[in-house]
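Now, the feature entries from TrEMBL:
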{"type": "DOMAIN", "residues": "7-37", "note": "domain 'EGF-like'"}
{"type": "DOMAIN", "residues": "128-168", "note": "domain 'EGF-like'"}
{"type": "DOMAIN", "residues": "169-203", "note": "domain 'EGF-like'"}
{"type": "DOMAIN", "residues": "204-239", "note": "domain 'EGF-like'"}
{"type": "DOMAIN", "residues": "240-281", "note": "domain 'EGF-like'"}
Amino acid sequence: QSGACEACVDGCIDCTAANQCTACKDGKYLKNGASCVDGAGSTCGAGKYADRYSGKCESCVAGTTGSSSQKIAGITDCAACSLDEANGRLTCSSCGSGGKLLKTDTDGITSCVESNTCTADYFTEGSECVLCGNEGKGGVAGCKSCSDKSTCTACLEGYYDSGTPKCTACAENCLTCNDANAGQCTKCSPGFFLSGGSPGTCSVCGANCATCTQAGDDKCLTCKQGYFMKTSNGPGQCFACDDTKNQGVEGCAQCNGGATPTCTKCKPNYRENSAGTFSCTKVCEDDSACGGTAGSCDAIVVDGDGSVKYHCSQCRQQ
C-alpha cells in the first residue's frame, strides 16, 4: 500500500528500506549497510571487526572508514582481528593464507610481516614471528636477542647474563646490574635514582618524576608521560596534564612544555577542539552533540554516510 510504514530490520534505528539500515541501536553494529549484528565472535564476517566508535563492522585492513569520533588504523594483510578498546587499536590474530607471519612487538602491537624480517629479537614458530623472551611459546625468559628460540644472545633490561639460565632478573627497579643483589645495580628504572655510587642501590624519586638525582617531589629532572614540570630551569615538580589548578588542560592525556603545557593528546571521551591547539571537550558536553542535549549519555548522532558522529554512551566509562 502506498505511503505505508515498514519496520527496519531488527536492531536498526534508521533505514532507507527494510533491508538497507544506516544506523544501529547502541550495542549493535552495522554490517554491509544492511543488517545489525552484536559483534560477538565472527558475526561481522571474515576480515572484519566490531568498531564501537563508528558503530559499524569495519575492515581489519582498512580500519575505521568515514566520519567517527575516533579513527582506528588498519593492519595490512590481516585476516582476523579485534578492537583493543583500552589502547584504541586493532589486534590481529591471523594473517590468512598470504604467507605472512603474525608478529607481536614489545608494546603488544601486531602486524603481518615477511618471514625474512623475523630476525634478531624474534624467532619463527609456525605462522608467528615470536619475541625471543616469550617463554610461553618456547623462548628464553628475559631474553632480548636470540639465534633460535632456545639460544639467547643478549638479555633484556632488568636482566643480566648469568650463564644458566641465560638471563636472570636484577634486583627490583634495576635496569642493568652485575648480579641479582640490590647493591649491584648500575642503572635504575624510570622513577628511581642510583644512590651510593655505581654499583649501588635504587631509591625512589619524587611523585611523577621520570628521572631525578635525589629524592623529593620538587627534585624531578623530567616527568613521566601524562605529566608536565612547572619549572623549565633545573629540578622541579611534575603535575598531571589535566591538572587545571596548576595550569593543566582539562581532558588532556599527554602534554609537553614548561609552566604552561601544550596538550598533544586528549583523554578518551574527549575530542580535540581544533587541530594543533588541542583544547579538549568532553563529547557529551559538546553543545552540538546529540541534538544539543549536553550531558546526555543515551543518544547518537549519525552523519550522512551512516557513521556515528557522537556516541554519547561513551561517557559512562568516565
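From the backbone N, Cα and C atoms, a Cβ is placed for every residue, glycine too.
Note on the domain 'EGF-like' (128-168): its mean pLDDT in the predicted model is 91.
Counting same-chain residues at least six beyond the ends of the domain 'EGF-like' (204-239), those with a Cβ under 8 angstroms from any Cβ of the stretch are 173, 190-193, 246-248, 253-259, 261. The DSSP breakdown of the domain 'EGF-like' (169-203) into helical (H, G, I), extended (E, B) and coil residues amounts to 3 helix, 17 strand, 15 coil. Residue counts for the domain 'EGF-like' (128-168) under DSSP (helix as H, G, I; strand as E, B; rest coil) come to 3 helix, 20 strand, 18 coil.
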